[in-house]
Amino acid sequence: MAATTAAVVAEEDTELRDLLVQTLENSGVLNRIKAELRAAVFLALEEQEKVENKTPLVNESLKKFLNTKDGRLVASLVAEFLQFFNLDFTLAVFHPETSTIQGLEGRENLARDLGIIEAEGTVGGPLLLEVIRRCQQKEKGPTSVEGALDLSDGHPPSKSPEGKTSVNSTPSKIPRYKGQGKKKTSGQKSGDKKTSSETSQSEPSVSLSESKSKSSLHSLVHETRIASFLSNSTVDAKDKSALCPDEDDVEGDSFFDDPIPKPEKTYGWRSEPRKQVGGLASLSDKPHLRSGLSSLAGAPSLTDAESKRGSTVLKDLKLVGEKIGSLGLGSGEDEDYVDDFNSASHRSEKSELSIGEEIEEDLSMGVEDVNTSDKLDDLTQDLTVSQLSDVADYLEDVA
């Protein structure tokens, strides 16, 4: 019975549905609903195609920059900075706007690419801070290196006359002497103020050339002083050898039996009568002393003491000559033997004279030579003093 009732209800529902559909179709409501539904479906499909084909909002300049290696490195540094300080909300906006949700490098890869070692103390901060520090050190590096080069050079920068330092000027190797370039007249200072910048650049080279010329002049003066000192010493040696008689001629004379003492080695040496007798031959062979008498024509006269001394010497020599004559040494053979010690001119002039007269003449000449040698000592006394030391070059004993 229940089944029959259910079947009856189902049949009634289908009949009601069919009746409703037929009624709606007849009134046009069902067709209008079907058309609206069909239009809504087509509109939904068209809108879906537009959404799929719609281009997203992209920053073209940022996209080009991120395509380069440096741009990706900068974006990675900024992302690492935000991650280091846990700025998650900023990262949520940063990644979509930059379209860098994937592809950015981590901290380790960034440190390796930048050459930063974590052991250097950079763990306490982001990598961006270490990059800025290194850039600042590189900026300060060239100036400190230039300062180190200036200090290692050892020479301070040369100053121009206007007081400006010239860095490009090379240090001079020429020894600088004290007092150079320190004194300047007021006219030079006023002229320096009026000079242009070009002349101020050329002044260091001019000062170098002036220092070179001054040092060369100083060396030339030094050389001339040494040359004059050497020439004076050689002339003094020659005068000593010319004015002092030869010792070998006196000592090697075998005519006299008695040994003859050596004369004193001074310009104004005096000998005893016996020494004069033994040195007649050597004195007669010295023509340069006789020829020098003419140059002393204008010399002042001898003093009375010297004339008295010469007269006493003449008297002693006359006595010696008389003794020699009394001994019988006036023969022709002895006369010829004495002539062998005289020059040819003396032999021709005195061939007919006796030995006593020859001795007197020679002794008179010897006394005059001695007196003239004393005068030469007075006139030609060397008073030069060495310019290289405080000690006299040489000293002479005047009788």
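Glycine is no exception: its Cβ is also placed from the backbone N, Cα and C atoms.
Marked as domain 'LisH' by Swiss-Prot: 70-102. Feature annotation from Swiss-Prot assigns region 'Disordered' to 139-217, 239-309, 328-357. Taken from Swiss-Prot, the feature phosphoserine covers Ser152, Ser160, Ser202, Ser301, Ser326, Ser331. Sequence annotations record features per position, and here Swiss-Prot assigns compositional bias 'Low complexity' to 197-217, 290-302. Among the features that Swiss-Prot reports, compositional bias 'Basic and acidic residues' is placed at 259-275. Marked as phosphotyrosine by Swiss-Prot on the basis of similarity to another entry: Tyr337.
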Cβ atoms near Ser326 (phosphoserine) (within 10 Å, other residues, all chains): 10
Secondary structure content of the domain 'LisH' (70-102), with strand meaning DSSP E or B: 26 helix, 0 strand, 7 coil
Across the domain 'LisH' (70-102), average pLDDT on the 0 to 100 scale: 91
